[in-house]
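Here the structure comes first, spelled out in structure tokens, and everything after it is commentary.
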């Protein structure tokens, strides 16, 4: 069928698209179609003029007829922007043309389901949020995310299995460590693979529901992580600075209740995001995540109560522990006071490093959010896009670090990692209690004077 190109009034015959418009958004267009910048074929030209949909396979929808200068203005504006996906505004109604991701949809909607995707067209820190990332940057982000997913899954599974298999590691302090490992695993099994799919497809094509679930689970993971890190800091503080009360405060029952409370508070903190409409897709980071520019007051509240306040509590706890450590080493404390064992100090250092790495990875993103919320109009243009993207992927990368830190700094975890890896090819991995080996029973026969508190002090992280 011969194609028929109808030109608007005032345009010269055979008006062609400029070379810059060629690409995924403007495929094989010869002459500009009638009124709305599309190409009509044969008997469909009349329907195109009347504003009906043409080329059903491509999902192109015409807008209201535009003539002369108005049509040229809409056309030139779209070409000047280099709109991805062939987003060509047609007249007063702003209909879209092209066969890219945005074809046949309203601006700011998800393709395929018509659900709102506000952040796809709204400005944000670092730019207007509509430019696709360069291919080399997308490849680099994909590599970082693949590494993060693999190490996150393997490392945190090793942590959970280590505590499950080894009785020495089954104590009140490590309940919080397992809870933190679960929080890190949440993002590796669902949101991160979806982000990776978005990178490969150069856009989000998984629909509104998956976007909301992905953003919700990301929030659940990060807030759960910081609340668990806060719980670990309080546990270490009570264990070292108030050791006489530790056994009563952190019995097995109480410890499970504390972990349950942490996740309950996490859920309460994340649920408002679903009502506030702050979970949106951002094409710069290929993620459905918390949109900092939606509500300034809400963003400030999130940063203060979900990051700054927990950080202050953790800093207070670790500062008190450091003071006690220095006092013990300088022999300022009387001899009748409990002494800090070397193993206790190493375990404290392990969790302190976990906290420091978390703060380093998440602080840039939270401070960017605080700056944007304080004055969106002036701060948004000042934040470089590379800084915005880097801050997000630094935060993503943190989820794979904790298991590595445990293996590097804690001897009990390191030995158990080795045992698990060696026993992967056997069927005994889930049934053997590695802490009950004959050699361990012979060398480390428990003394009648050993208390539960002493056992925790020697073996907890």
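For all residues, glycine too, the Cβ spot is worked out from N, Cα and C.
What TrEMBL records for 1-25 (among others) is region 'Disordered'.
The feature region 'Disordered' is assigned by TrEMBL to 75-131 (among others).
Annotation source TrEMBL lists transmembrane segment at 136-161 (among others). Residues 177-178, 181-182, 184-185, 187-189, 192-193, 195-196, 199-200, 202, 285-286, 389, 393, 396-397, 399-400, 402-404, 406-407, 413, 416-417, 420, 429 of the same chain lie 6 or more positions beyond the ends of the transmembrane segment (136-161) yet place their CB under 8 Å from a CB of it.
What TrEMBL lists as domain 'G-protein coupled receptors family 1 profile' is 155-406.
Nonlocal intrachain contacts for the transmembrane segment (173-193), taken as residues 6+ away from its ends with a CB within less than 8 angstroms of a stretch CB, comprise 145, 148-149, 152-153, 156-157, 159-160, 163, 213-215, 217-218, 220-221, 224-225, 228-229, 231-232, 235-236, 239, 250, 255-256, 258-259, 262-263, 287-288, 347, 354, 396, 399-400, 402-403, 406, 456, 460-461. Positions annotated as transmembrane segment by TrEMBL: 173-193 (among others).
As annotated by TrEMBL, transmembrane segment applies to 213-234 (among others).
Sequence-distant neighbours of the transmembrane segment (255-276) (same chain, 6+ residues past either end, Cβ-Cβ under 8 Å): 172, 175-176, 179, 212, 215-216, 219-220, 223-224, 227-228, 231, 290, 294-295, 298, 305-306. Under the heading transmembrane segment, TrEMBL lists 255-276 (among others).
Beyond its flanks by at least six residues, the transmembrane segment (296-326) meets 223, 226-227, 229-230, 233-234, 236-237, 240-241, 269, 272, 276, 278, 290, 333, 340, 345, 348, 352, 355, 359, 362, 366, 369-370, 372-374, 376 of its own chain at Cβ-Cβ distances under 8 Å. As annotated by TrEMBL, transmembrane segment applies to 296-326 (among others).
Within the chain carrying the transmembrane segment (347-374), a Cβ under 8 angstroms from the stretch's Cβ atoms is held by residues 124-125, 173, 180, 222, 225-226, 229, 232-233, 236, 240, 290, 292-293, 296-297, 299-300, 302-303, 307-308, 311, 314, 318, 321, 325, 380, 383, 387-388, 390-392, 394-395, 397-398, 401-402, 405-406, 409-410, 460-461, all 6 or more beyond its ends. Per TrEMBL, the feature transmembrane segment maps to 347-374 (among others).
Remote same-chain residues near the transmembrane segment (386-409) are listed as 124-126, 133, 137, 141, 144-145, 147-149, 151-152, 154-156, 158-159, 177, 180-181, 184, 187-188, 192, 195, 221-222, 225, 284-285, 287, 289, 346, 349-350, 353-354, 357-358, 360-362, 364-365, 368, 417, 461 (criterion: CB distance under 8 Å, separation of at least six residues from the stretch ends). Taken from TrEMBL, the feature transmembrane segment applies to 386-409 (among others).
Confidence over the domain 'G-protein coupled receptors family 1 profile' (155-406), given as mean pLDDT on the 0 to 100 scale, stands at 90.
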